[in-house]
Amino acid sequence: MSKTDTAAVEATEENSNETTSDAATSSSGEKEAEFDNKIEADRSRRFDFLLKQTEIFTHFMTNSAKSPTKPKGRPKKIKDKDKEKDVADHRHRKTEQEEDEELLAEDSATKEIFRFDASPAYIKSGEMRDYQIRGLNWMISLYENGINGILADEMGLGKTLQTISLLGYLKHFKNQAGPHIVIVPKSTLQNWVNEFKKWCPSLRAVCLIGDQDTRNTFIRDVLMPGEWDVCVTSYEMCIREKSVFKKFNWRYLVIDEAHRIKNEKSKLSEILREFKTANRLLITGTPLQNNLHELWALLNFLLPDVFNSSEDFDEWFNTNTCLGDDALITRLHAVLKPFLLRRLKAEVEKRLKPKKEMKIFVGLSKMQRDWYTKVLLKDIDVVNGAGKVEKMRLQNILMQLRKCTNHPYLFDGAEPGPPYTTDTHLVYNSGKMAILDKLLPKLQEQGSRVLIFSQMTRMLDILEDYCHWRNYNYCRLDGQTPHEDRNRQIQEFNMDNSAKFLFMLSTRAGGLGINLATADVVIIYDSDWNPQMDLQAMDRAHRIGQKKQVRVFRLITESTVEEKIVERAEVKLRLDKMVIQGGRLVDNRSNQLNKDEMLNIIRFGANQVFSSKETDITDEDIDVILERGEAKTAEQKAALDSLGESSLRTFTMDTNGEAGTSSVYQFEGEDWREKQKLNALGNWIEPPKRERKANYAVDAYFREALRVSEPKAPKAPRPPKQPIVQDFQFFPPRLFELLDQEIYYFRKTVGYKVPKNTELGSDATKVQREEQRKIDEAEPLTEEEIQEKENLLSQGFTAWTKRDFNQFIKANEKYGRDDIDNIAKDVEGKTPEEVIEYNAVFWERCTELQDIERIMGQIERGEGKIQRRLSIKKALDQKMSRYRAPFHQLRLQYGNNKGKNYTEIEDRFLVCMLHKLGFDKENVYEELRAAIRASPQFRFDWFIKSRTALELQRRCNTLITLIERENIELEEKERAEKKKKAPKGSVSAGSGSASSNTPAPAPQPKASQKRKSEVVATSSNSKKKKK
């Protein structure tokens, strides 16, 4: 590098205001001019190439040229001589010399495009296959003709390698090392970088990913100096760092999984269109399942100067008038042919064995059936067509029913506990888990390795618990898995002699661009609405490098919505295959699920679920289940194969709307749909009736019928007009003596004899005689005693009811016995003075209550919670007091409890906001959840924003435990330091002797604690007087 260039770089890095040298400026200007000239030359070559392909493109090019751009600068002055010549020449004929010069110019412009016959020398670590070399040559021809294209080979055919070979060709043959940008899904970032290093190490590839600080450092130290050829980054990074990427003149822009830009109004699509690029390449393994407008959006991104009007494109491909017409097919083929290359595995990769797919139909467990019934009954009015049918409501019902078919523990409160255990209940409460528990040991015994895909990450949580319980070595990847963990787990799974048996992935996050060909079994735990998602998941294993035949097991819960969802997805996939692979457009209306279809999917199997109460899970051997699944899969495949395109288009979900002939209402030549219309209750699903339980246990019946029961002892009579007194009303004890005397005398007058209580054993006779003696010796109340009784009846808390007493006890539990002010507020209908008076008597005489032990236990538990809240508040206060700006400075000592889900930034916010809102607030976790959603720092953090209040509470409890442990350690450390610093002779001899030989006095309990212990002790030794 020259001194001038060095000075320019240093000036840029130091952000100085000094001007760069004239040489650097002119060099930069030359590069800019060269880049602009190439774009203009490509445009010219592009038009020539397309017009030679077919005259169809004249339609678009003519339209794009209707509004020419206004020329810059002054108009060129026409010389008089030329003007006269133009006026005189009306025939516009060429001279022989002019024609010769034009032909010579065309010959010199025509050059032979380079083609590879074998794998290029710059490709290391292996040889490219013949179809991959053909793909490379096709992309080279696009480049030479200034055309951008779509590489749409089926998943697993090596699109990554073909793309790398194209960029290698540009460096080694065209002297264009870059800069190039490759934009890929986050899950495949590291895989792309690894592939660059493996196949073409001469290309210097760098990866832009990470948090703000990491990105800033990377941009300053790596990206801006430009010592690289290819920058690999993710969609999200393009959006966040768009201002940086706009500074570069990109030679090639490559987008993997290009369907992400099929909406031209999306943020990503708009930003990428602003990048300055010479060439663009789109990569997708998914067929073009686009409607007309989405197809235009892709073509507009590739060639904005050709396809610049969506309205013109829509008008030219008017599907309303010519869908299915041969003319439309011819047009579409002609338009797509120059830009699109798609090959299928069956056509080009003969060494890869075809995958074998099998559906395994499972039943519902008893718990699943119960939850399925609850969901249907909750919206039975909608299911029966009686309520307001809204699409969002139907979608929610479908989602809840799908959760039932996966596992009932996906519903909060379904799993038994606490305590929560990992046991057999994980298996026998779900039909799919029961099959999985039989299938996995068989696969492990066969030496297979397994990928399990599910749409629900919480289902992966359950599967993770199951793997822990069964001791299966596993990996897991979902949308929340950090980038570093993704790469590490993929490498661990793909290692030679890897101990990992299972890899659990979410269908959307784990189905894109990941190579897991070391596995040979794919289990689709729950099917996606979009069949292409499931195909992408299967192709993680079914790709180049796979040495075994890939087996795919799709788990389907029989006679539920899931069966219809899979059926619809298969019809959609087959129709797409007929249309798209034939080069035609998909009618977008067939992809939309209307309300009638959703309603009939929900209704499917509902009566069967209601009519049965028991489990459908069988104890059959796994081989028998697989054999039956294989037969049913073949039967359904044959039925679909027999349907033509017209039948597939009119395929219905057994709806009552206008449809074709393939509905199940067509039976034996009659349209039973018409008959059903005559019956107003034709679609009515009868909810299950409440049934009386009949006792059919014969042995138990006869044992009950023949048992000779002992007659119950007659109740002792009481005076008819005796007042009812309650123990919590705290009447004087003398009143109970007078009431007992009145009762005994009444029993004497009626001649009541006390029966022997056999339950008392040997003391029965003694107790009987004592009670009878009291009756025999009873005397009636005197006038003075009757007057005394009346006076005593007015001295108790007669206005206090059982409801008032329960409110008083709950208030003591909530606030503690010492907080009389708040206790008084919670007792409705009583003044503070009345509550204070009652409180004093209650704590003085509470031992007289019949269930004092239960009441005291209730109050003590509440006081324990209060003390716990105070200790937590104290711990949070201590932690926060150590920092001036805790929202930025606070650090947590995790030890071995870091966990993988929450980041330290999230934990810091939880702790600080919990302290700010107030830990002891009633709805603090709902407020915490709202604060997270309102915080700008989490606007892209979908994990923390999607947590429920209960999940936040659990996380905060964990963090509080860590803080308390940290506080204890700091206190112990401070005490130890103080002990070390204390001088040995600072304490007098007498006191030193006392402190060394005499134990420290025990701390005295609080008055309330002392009273509480006395109350319990007294209550345990006293018995309530029986009346």
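In case you wondered, yes, glycine gets a Cβ from its N, Cα and C as well.
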Per Swiss-Prot record, range annotated motif 'DEAH box' [choices 144-147, 256-259, 1012-1015]: 256-259
The motif 'DEAH box' (256-259) - residue tally per DSSP class, helix then strand then coil: 2 helix, 1 strand, 1 coil
CB-centroid shell, 8 A cutoff, ATP site Asp153, Glu154, Met155, Gly156, Leu157, Gly158, Lys159, Thr160, site residues removed: Gly285, Arg543, Ile544
Three-state secondary structure, Leu157 (ATP binding site) (per DSSP): coil
Which of Met155, Leu157, the listed binding-site residues, has fewest other Cβ atoms within 10 Å: Met155
Neighbour count (Cβ, 10 Å) for Lys159 (ATP binding site): 22
